[in-house]
Structure formats: C-alpha cells, structure tokens
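Colleague: Please see the structure below; I have some questions.
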Amino acid sequence: MDSIQIVGGKKLKGTIPISGAKNAALPLMIAALLTEETVTLDNIPHLADVELLIRILNNHGVGYAVDGQKSHHDCIDSRTIHFTAQKITTTYAPYELVRKMRASFWVIGPLLARCHEAYVSLPGGCAIGTRPVNFILEGLKTLGARIAIENGYVHAKAPKGLKGAHYHFPKVTVGGTHVMLMAAATANGTTLLENAACEPEVTNLIQALNAMGAKITGEGTSTLTIEGVKKLHGARISVIADRIEAGTYAMVVAMTGGNVLLKNANPHHLTQVLEVLQKTGLDIEIKPQGLHLKRNPRQTKIMPVNIKTGPYPAFPTDLQAQFMALMTRAQGTACITETIFENRFMHVQELTRLGAQIKLDGQTATVYGREHLQGAPVMATDLRASVSLVIAALAAKGESVINRVYHLDRGFERLEEKLARCGAIIQRITV
C-alpha cells in the first residue's frame, strides 16, 4: 500500500499548475448520458474518482476516447476525453461500483431522463456524516418519478417521462442540484428550482447543458429555471480549474512560507478563502496567469483567524481540514465551526499526533497554535483529512509518513510531484 513520506521545514518556490476540478468533471462526465452524440471534455484531471466514473459510464454503454497532452514546462498531463452514449445498454448501476464514490449515484438523473427508468445502488464515498440522498429522491418525485428502495437499491421509474415542476431544496445540496438540472433538462415543461446550490461547479454544469441545447437560466444564483427541451446534442466543454486544489496549495504556502505561483487558479472562485488567508499573513497578488503567493517566515508569522464553513460563496467545507492544519502553527487561538457536514473533524486525532493542540466541542474546533510541530507516522481518514496531514507534515520538524493515501489520490492530481518541484522533500513509498 502506498504512503507519502515527508521531511518538513522547507520553504516552497516555483510554479504549481492547478488541475481541472474533480467536483466539476464528475457531473460533466455524467451529463454525457443525456445525449447519443459525443460530448468532449477538456482539462480532465488524472484522479482515481475520474477513472472509477469512466468505468461506471462504460458499464452503461458509454464509449470514450482519450487525448493526452503533456506540458514539458509543468510536467503534468492534461487530458481531453470524448464520451459517446449512443445507446444506453443498461440502467442498472451495481453496488460494487457505486459504493466506492458517492457522486456515481448522480447517474440516476440522466438515466431516468433518457431511459425513463434507473436501478441504482445507494452510494458510498468518504465517510463524512450521513450525506443523505433524500433531497435527490424527493426532487425526482416532484418531476413525476416513482421511487422505491429495495435491498439497498433505488428503483426509479417515469414511464411517460419526467414533467416540469417547482422544487424547493430543504437544504442547499450541490449533488441534488446537479441531479435535478440533468433530470429536468429534457422534462416536459418548465422546472423551477429554489434554494439551489450556486457553486462554480454547478455553473460549469449549467453552461455545459446549455451548450448541449438545454435552456437553463439563473446560473450563479439560488433560483434556477429549466425549460425542458426534447433532445440534447453533443458539445465541447472545458472543466474549470479546481478551486479546492488552489486553496489547498495556498494554505501550504501560508504554512511553510515561500514564493509560489498557482498557475490557472481562478481568484473569483476563492474570494472568501483569499480574504481569510490574507488575514493569516499570506501575501496574495492576482496575476493574469494565476495567483502569486508569498510569505517570509522570518518577517511574517501565521496569525489566527476564526472561520465558519457554509455554502458557496462562504468558506468551503472542503478546505476546513486544510485550514485547521494551518492554524496549528498560528500565533494564538482560532475557532473553526463546521456547518455543512457532521463528523468532519476526523483529522483532529491525527493532527494531534504531529503535536497540534485542538479541543472539540460539537461542531466547533478550537485550535491552540504552536511554534513547532513534530513529524510522526499518521493515518488518513478521508480525502480532505489526508491533505491536511500533508500540510502539517510539510511544516513539522523531522520525518512524517502518511498512510492510506489512496484517499489523496481520489482528489489531488500528482500532489507529491507538484510539491517536490517547488522544493518540498516529499515522495511516495510502498510499505
């Protein structure tokens, strides 16, 4: 099993290319099920979750072809993948595939829209709280679907097709918004979605669906109107840059100090995160090619900042663990409140193995900053927790080994390569 070995204490200098966003790529790939024509996606990252979804789509009869492009300057591949769902061969999504990644459940929307039936296993993915699919199922019911849960599977039917409806999400849900957009795109009539997610990844999907012939208005807001069309066609769409990856590397630079350009990072998708990081002492300059980050540890200490996670444009829950790692070396005390998922502090126990001082009280963590952390062997519990341990280890004295890094491979493309090119002492090892 692979592990990541890190010797901390090195400042970073260089350029880190930001990959395409996993959270945008997955729904765009699933949207290819909606048309028999070819959907071409540019800037697809090399990630375990992407490869798994390719297998799932292939299970439904989706053909694909990959164009690989390599930048000699960045030494990171970017890919274009052509997906063609000329004929859906099955509406059955088995447990052995869906259990590995929660987003794979989203195929229920396009399958129901195009084939009027779907038989999909209840999902898996990172073990963060319950993350119920109730909002998705209730939304599909409003579009006229009949839903039954049998032996761990959702059996959805709409023999006469889906019909436009009005649905108010009880709670903001990115996955639920993705599914309802795809299901309603070809429904008979107009659908109004209220309290919808307005994340950049949702906007990316709306733009893709509109490029395929859908009629969706309201992008970037919580109220979306979908005028159903009879048929969608092929299109070419580029996956947006990964704001979570960009935010993560920004926190790495804030933690270790250094001088780094985050190439292709979109500052408009990180407004609140960048405001918070500036308060911690990170110097941020927006340039045409991305974000230029600097911190001199001798001149600027890490300052504590309190945060509360929330739906976009608030501070993203997917950067909470990384920010907590940064605060472990702040000059004072910081409070971090998680409002999106319960049980998303599983990284705390492992951070304390590196010397962090953290107190938990319900959904709030109080972090008591320390001057130094100490390297140690640690265990990743989920995707974002794993990268928080990387951040802490990069600043810790001595050697750390992070185990179970398969979590890391689900969401970060070639992390050790990108960091090593900027001077970090980091390598993948097999133990």
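Cβ atoms here come from the backbone N, Cα and C positions, even for glycine.
Below are the features I grabbed from Swiss-Prot:
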type: ACT_SITE; residues: Cys126; note: active site, proton donor
type: BINDING; residues: Lys22, Asn23; note: phosphoenolpyruvate binding site
type: BINDING; residues: Arg102, Asp318, Ile340; note: UDP-N-acetyl-alpha-D-glucosamine binding site
type: MOD_RES; residues: Cys126; note: 2-(S-cysteinyl)pyruvic acid O-phosphothioketal
Colleague: Using only the residues recorded as binding UDP-N-acetyl-alpha-D-glucosamine (Arg102, Asp318, Ile340), report the maximum Cα-Cα distance in Å, whole number please.
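Modeller: Farthest Cα pair among residues binding UDP-N-acetyl-alpha-D-glucosamine: 16 Å.
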Colleague: How many whole Å apart are the CA atoms of Arg102 (UDP-N-acetyl-alpha-D-glucosamine binding site) and Asn23 (phosphoenolpyruvate binding site)?
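Modeller: So the alpha carbons of Arg102 (UDP-N-acetyl-alpha-D-glucosamine binding site) and Asn23 (phosphoenolpyruvate binding site) sit roughly 11 Å from each other.
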Colleague: In the structure shown, which of the binding-site residues Lys22, Arg102 has the fewest Cβ neighbours within 10 Å?
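Modeller: Lowest Cβ count within 10 Å among the binding-site residues (Lys22, Arg102) is Arg102.
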Colleague: Around the C-beta of Asn23 (phosphoenolpyruvate binding site), how many further C-beta atoms are within 10 angstroms, looking at every protein chain?
Modeller: 24
Colleague: Please report the distance from the Cα of Lys22 (phosphoenolpyruvate binding site) to the Cα of Asp318 (UDP-N-acetyl-alpha-D-glucosamine binding site), rounded to the nearest angstrom.
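Modeller: Asp318 (UDP-N-acetyl-alpha-D-glucosamine binding site) has its Cα 12 Å from the Cα of Lys22 (phosphoenolpyruvate binding site).
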Colleague: For Asp318 (UDP-N-acetyl-alpha-D-glucosamine binding site), what is the tally of other C-beta atoms lying within 10 angstroms of its C-beta?
Modeller: 21
Colleague: List every residue in the same chain as Ile340 (UDP-N-acetyl-alpha-D-glucosamine binding site), at least 6 positions away in sequence, whose Cβ is under 8 Å from its Cβ.
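Modeller: In sequence order, Thr309, Gly310, Pro311, Thr317 meet the Cβ cut-off.
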Colleague: In whole Å, note down how far the CA of Asn23 (phosphoenolpyruvate binding site) lies from the CA of Asp318 (UDP-N-acetyl-alpha-D-glucosamine binding site).
Modeller: 11
Colleague: DSSP three-state call for Ile340 (UDP-N-acetyl-alpha-D-glucosamine binding site): helix, strand or coil?
Modeller: coil
